[in-house]
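See structure below.
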Amino acid sequence: MQIYGADYYPEHWDESFWNRHIEIMKEYGIDWVRIGEFAWAVFELKEGEFHFELFDKIIKLLKDNGINIILGTPTATPPAWLIRKFPEILPKDYNGKVREFGSRRHYSTNSKVYREYSARIVEEYAKRYGSIVDAWQIDNEFGCHGTTYSFTEDDRKMFIEWLKEKYGTLDNLNKAWGTVFWSQTYSDWNEIGFPINTPTFENPHQMLDIYRFMSDSSIDYMNMQIEIIRRYSDKPITHNFMVDFMDIDYRKMAKYLDFVSWDNYIATKEYDPLRQSANHVLMRSLKKSPFLVIEQQPGRVNWRDVNENYPGEYLNMWTKQGYINGALGVMPFRFDQIRFAAEQYHGGLLDYAGRPTKRLEMYSKVKSETPNVVESKKEVAIYFDYENEWIHRINHVNRKFRYWDNIIEIFKAVRKLGYNVDFVFADDDLSEYHTLIVPYAFKIGNEFVEKIKLFKGNVYMTCMSGLKDENNWIVERAPHMLIDEFGVEVMDFGAIDKSKANILNADFEVDYWMDELRVYDGKILGTFDNGMPLFVKKSNRYYLASVLNEAGWLNILSRTLEPKFIGSDVEYSEAKDGIYILNLKNERNNIFIGSQIIELNAFELKVIK
């Protein structure tokens, strides 16, 4: 099944526009819409007075015209009456300042009263439409605008309960947090708070638990809504994840969803197609199954400092890129450009007069240009852990280092060699992959350590990996439980800034971090400029004692991963039904596969059976 759809806001329009909108949808092949996720005040303008007339009408009209519906619960936008009645719903930021009404996502997931009112509106939605709509979206973009983190009294009380469940006793907590340092020892649970706006460094062990708790709070709040909907509907449930977003453990959250959705917006000022590809692959990897791009940037957005224009051809290419990376659908946001409110500059498939745009024409062409859901072969696995992202943030050796950004450098190198990538997690099965990369993974649990030892293919592991334990303590000897496996031990480490190095007789730049290695059993294949070991091989195990950019990774990986094509600016993917090649340039492009030349038109997708 493929989904061709868009995000639609009928409440923003007079009812007289609806029929024309639906005519356009049908004309251009749009057969799915998402609606309702910001409409709480439409349903309940005053407390307890529910009005379903508008959505009853539009849902019937859409269904009568063969258009499937994803209905979003409206809890991302608590209405004014609710906030005025219960101002304690509002979240507090890291400085203890209240985040006020007047935008969106203005609530704490741990507010007891907000959970009560959320449950009530979700139940009204589910009772009314549970048997009618085709899928559900819970809330909208948990954590967007920095709202994963809230530091209210409700948050503090829930954090203490979370800690009691995890540690059982204060003695266990004090040991795990190392509270003997700086006289932070607790003698009563109620003494525990959030170290916000502190004079200097926070307790890194406490901070890791705060990150875990805040992530779990969003998941728990989501699950409360899921449980209500399941009573009234058997339709699949999703939530829309975000690009480059690391505040919530999406792997953990995804376990409770029927399918993953995400919002594909350009993550950097300069469009970087392989960075977008990495985000697609991460979403696919969360459940190892097809995903939905439930919001696709159509062209211009409204929320950047500089909102660049992208011609309609880009939407066509972005959509095809989603499909070849395993999407079951790509839905542009939004169908209808809006003339008022905070998103009035955001692009869409219709212009401000309600007429079809070139973007809509280019999007509609995708239907004839893309295959069914692409199932990529399993080749290269990159280990990823949201908690490692948090550990990197909490304290550092080099503030400039970014975990996800540097994993993307590896991803790009692998893709440019023509190999498929999956991101793998500690509980994943690795048996179908021939190469495993474990980058910058401070914390590697015992379960994954054993999987590394049993892995039959090539394993590349980097600096920082295995340096810390589950509580964010530094281990006695690193890499933790893998010294014999890789034949090296980290004796010391520190920050560097763009140092020269030689790897496999080629000069490269290393950055951010330097391990001082003792090599017990291995061949040194690369050195720092001071002659110390940088890249060590023991059998099919490779250890890299610093951080490389994309070019450096291309160099070392190409020794075990023979390039599958010659060329650039393409996405190349081997699937079970053929080779998919997408030209990422808005001009002609050629690549070579062996002696065969593949000619590609601008943004063309070719399938070689």
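The chain as shown is numbered from 1 upward.
Including glycine, each Cβ sits where the backbone N, Cα and C put it.
So that you can see what the record holds, here are the features copied from TrEMBL:
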- Glu141: active site, proton donor (ACT_SITE)
- Glu295: active site, nucleophile (ACT_SITE)
- Arg104, Asn140, Trp303: substrate binding site (BINDING)
- 7-369: domain 'Glycoside hydrolase family 42 N-terminal' (DOMAIN)
- 379-562: domain 'Beta-galactosidase trimerisation' (DOMAIN)
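Known features from TrEMBL, placed on the structure.
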residue : record                    : contacts (Cβ under 8 Å, 6+ apart)
Arg104  : substrate binding site    : Phe38, Ala76, Thr77, Asn140, His145
Glu141  : active site, proton donor : Ala76, Arg105, Asn240, Phe241, Met242, Asp263
Glu295  : active site, nucleophile  : Asp7, Asn240, Trp262, Asp263, Asn264, Tyr265, Met331, Pro332, Phe333
Trp303  : substrate binding site    : His346
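For Asn140 (substrate binding site), the count of additional Cβ atoms within 10 Å of its Cβ stands at 22 [all protein chains shown]. Between the farthest pair of Cα atoms in the substrate binding residues (Arg104, Asn140, Trp303), the distance is 17 Å. In three-state terms derived from DSSP, Glu141 (active site, proton donor) belongs to neither a helical nor a strand segment and is classed as coil. Listed in sequence order, the residues Ala76, Ser103, Arg105, Glu141, Cys144, His145 complete the 8 Å Cβ shell around the substrate site centroid, once Arg104, Asn140, Trp303 themselves are left out.
Annotation note: Trp303 (substrate binding site) sits in a coil segment as assigned by DSSP. Averaged across the domain 'Beta-galactosidase trimerisation' (379-562), pLDDT for the predicted model comes to 98.
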